[in-house]
Amino acid sequence: MEIKSVGVVGAGQMGNGIAHVMAVAGYDVLLNDISGEALEKAVATIRKNLDRQVSREKIAAEDRDAAMARIRTTETLTDLGETDLVIEAATEREEVKNKIFETLVPSLKPETILTSNTSSISITRLASKTDRPERFMGFHFMNPVPVMSLVELIRGIATDQETYEACLAVVDKLGKTAASAEDFPAFIVNRILMPMINEACYTLLEGVGNVRSIDEAMKLGANHPMGPLELADFIGLDTCLAIMNVLHDGLGDTKYRPCPLLSKYVEAGWLGRKTKRGFYDYRGDEPVPTR
Ligand SMILES: CC(=O)CC(=O)SCCNC(=O)CCNC(=O)[C@H](O)C(C)(C)COP(=O)(O)OP(=O)(O)OC[C@H]1O[C@@H](n2cnc3c(N)ncnc32)[C@H](O)[C@@H]1OP(=O)(O)O
Ligand SMILES: NC(=O)C1=CN([C@@H]2O[C@H](COP(=O)(O)OP(=O)(O)OC[C@H]3O[C@@H](n4cnc5c(N)ncnc54)[C@H](OP(=O)(O)O)[C@@H]3O)[C@@H](O)[C@H]2O)C=CC1
């Protein structure tokens, strides 16, 4: 089956990036969120990021306009029933994702492929709660979606070859590269990346360094484009904590114990860039370290 239209659930930082790249690649996009405000913000962000790509001569102005024209929004989840591929990119909480699939499934076409952009949650378990485990898989983009070239593709135990190949063809059309990962907690990228971020939190908690010195050390000493705490703020501290909890619960090894300081920031509602405060305070002109 040829995929022509894509439904995206969740219009946060990942949802808007996914809608952006899908529309540029020529897919008709229907973007859903529970909040109308989030949808408006997402469309404004997509517009701004497309404008930046035009000004840097990555795409032509006509391509930007055509991409914007391909994106529609809806607050009604079941409207996504008309699309060929659904990518769920709502908050990293299993009960939220299960509820979305439960509501959506009765309106889906039988042939529609259902996927999740989850960073860590078992694809097999998410799939088992739907009517189509064979046509369900993990479609994991990296942040920022328009810039990062990797997509992790994760097959659940029941995912069929046709579904995998259809998703692989979409990744190709996006001009991105797929890495196939087995369905174990946090897959490949976050299995390796998140313990490093968690360790940076312990390094901060134990006073080995402060926010600035830890980030500088890893940028200049390991050539990372962002320091681990800056990256955690960029990803979202709620998402980082959720991933650590999945690693800890799923693998049962104390080496994945989420850092209590990370939990404290999340408890404070300091979730990083998206709430304007995390390991840095973004409310002024320049980010200011909070420790
Ligand atoms: C948690 C998970 O489940 C998985 C994950 O995603 S883990 C996170 C993975 N991502 C990373 O590790 C990102 C690490 N950081 C970086 O690679 C870089 O800091 C960065 C690409 C984000 C920014 O790079 P930079 O050099 O500091 O900034 P800047 O020069 O402004 O931008 C570089 C390019 O990215 C583009 N860009 C930056 N942010 C963007 C955004 N949010 N949306 C669209 N484009 C963006 C810029 O337009 C620019 O494009 P060109 O090269 O075409 O001119
Ligand atoms: N941040 C990252 O770097 C990456 C994240 N991911 C994954 O992508 C997913 C989304 O993350 P991200 O974009 O960062 O998170 P955000 O918090 O930026 O966005 C999540 C969006 O989903 C909305 N939402 C919550 N519940 C529902 C629902 N029932 N129906 C529709 N929309 C809903 C939220 O609305 P509200 O704010 O009103 O709750 C919010 O707008 C997660 O699974 C995450 O693990 C994957 C790769 C990288």
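We number each residue from 1, going along the chain as drawn.
Every residue gets a Cβ built from N, Cα and C, even glycine.
Note that the coordinates shown come from a computational prediction; the quantities given were computed from them, not determined experimentally.
Taken from TrEMBL, the feature NAD(+) binding site covers G10, A11, G12, Q13, M14, G15, D33, E92, K97, S119, N143, K274. Annotation for K97 (NAD(+) binding site): spatial neighbours E88, A90, S116, T118, I121, L126, criterion Cβ-Cβ under 8 Å with sequence separation of six or more.
Residues or ranges marked as domain '3-hydroxyacyl-CoA dehydrogenase NAD binding' in TrEMBL: 6-183. When pLDDT values are averaged over the domain '3-hydroxyacyl-CoA dehydrogenase NAD binding' (6-183), the model yields 98.
The feature domain '3-hydroxyacyl-CoA dehydrogenase C-terminal' is assigned by TrEMBL to 187-282.
Under 8 Å, Cβ to Cβ, and six or more positions away along its own chain, H140 (site 'Important for catalytic activity') finds N117, T118, S119, V151, E152, L153, I154, A181, F187, V189. Residues annotated as site 'Important for catalytic activity' in TrEMBL: H140.
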In whole Å, the longest Cα-Cα distance within the recorded NAD(+) binders G10, A11, G12, Q13, M14, G15, D33, E92, K97, S119, N143, K274 is 20
Where ligand 1 binds, which of the binding-site residues G10, G12, M14, D33, K97, N143 are close by, with Cβ under 6 Å?
-> N143
When DSSP states are grouped into helix, strand and coil, how many residues of the domain '3-hydroxyacyl-CoA dehydrogenase C-terminal' (187-282) land in each?
-> 66 helix, 4 strand, 26 coil
Among all the protein chains here, how many other CB atoms are within 10 A of the CB of G10 (NAD(+) binding site)?
-> 25
